[in-house]
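Enquirer: According to TrEMBL, the protein carries these features:
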SIGNAL    1-21  signal peptide
DOMAIN    69-202  domain 'Multidrug resistance protein MdtA-like barrel-sandwich hybrid'
DOMAIN    109-177  domain 'Multidrug resistance protein MdtA-like alpha-helical hairpin'
COILED    109-181  coiled coil
DOMAIN    214-303  domain 'Multidrug resistance protein MdtA-like beta-barrel'
REGION    374-393  region 'Disordered'
């Protein structure tokens, strides 16, 4: 009986051990299936800094204004007979804008022509009588007094002829002034008088015209910026702003492209004592006539001579509190956070690096969201010149 119980106990133990072994095997199989795969190094695009010659730029805020503005006034009085433009229209130089009733001036011109013919005939007659008097001067037929009288008559006739010629020129001018033309090309304002109105020659403004191409940009430059440029000019590194040799670019507020090129055309002769600024003006091309006088905008110009520099994309620069860093690739493909000194920004999305990088260093320019300092990465060669058009993660 005891042997039977022992046999039964050994059999139960064997069954328990077998079940445990089977369970452990199944656990190991499941663990092998669910074990996490080995993490691969993230792929990033790296490039050396872009090496090129650059110049520092200065920007100033200001306002566009017409390069020329003319007030159209009548030079002769009369009734306004015609208006040959639409308010706000673009007009070419010489375009007829207003016509004043010309009948009176045409009659005056006809009268002046007739008076000139009469004066010319009187002058010819006086000349003939003087010639005869000179021929007879040596005889008793003509006295010395008669000869003097013929000389005086000829001089008076010549003077009357010149007066008639001047009157004719005046009549021609009056008739010409009755047709009022655009003295410059540009955009005309609204008419101030309508057809049938009596126009005086006392200075009534009929309309105005502003020139749009070229267009001026007026801005104030700080004393520090002005003196910086003057020192560079005296050192021979920059042209003088007063010689119209400084190139500029401008853009209206709200636009990103510097689409208008020009030169500095005027710098004032003194600084404003209270503001510490000096007034300057740039003259810019405006072929599309898209800029209107009175608009606000910005102008930029070189603030230094060209110098060699290293440039990186703005998007490759990270901020760590008050410092700026880039992720530099180490020898073992490990990323290093490198503090850099920065120069001025550029409109092409690049930034001048003044310290912290060498020309042969490689930095991450694409894939920053997948990269961390101290992390190993799989670097892919890239180019800053192709990355700046649009960086993506």
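Using the three backbone atoms N, Cα and C, a Cβ is placed for every residue, glycine included.
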Enquirer: Where does the mean pLDDT land for the domain 'Multidrug resistance protein MdtA-like barrel-sandwich hybrid' (69-202)?
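Expert: Averaging the confidence scores along the domain 'Multidrug resistance protein MdtA-like barrel-sandwich hybrid' (69-202) gives 90.
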Enquirer: Tell me the residue counts in helix, strand and coil for the domain 'Multidrug resistance protein MdtA-like alpha-helical hairpin' (109-177), as DSSP assigns them.
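Expert: Split into helix, strand and coil, the domain 'Multidrug resistance protein MdtA-like alpha-helical hairpin' (109-177) gives 61 helix, 0 strand, 8 coil.
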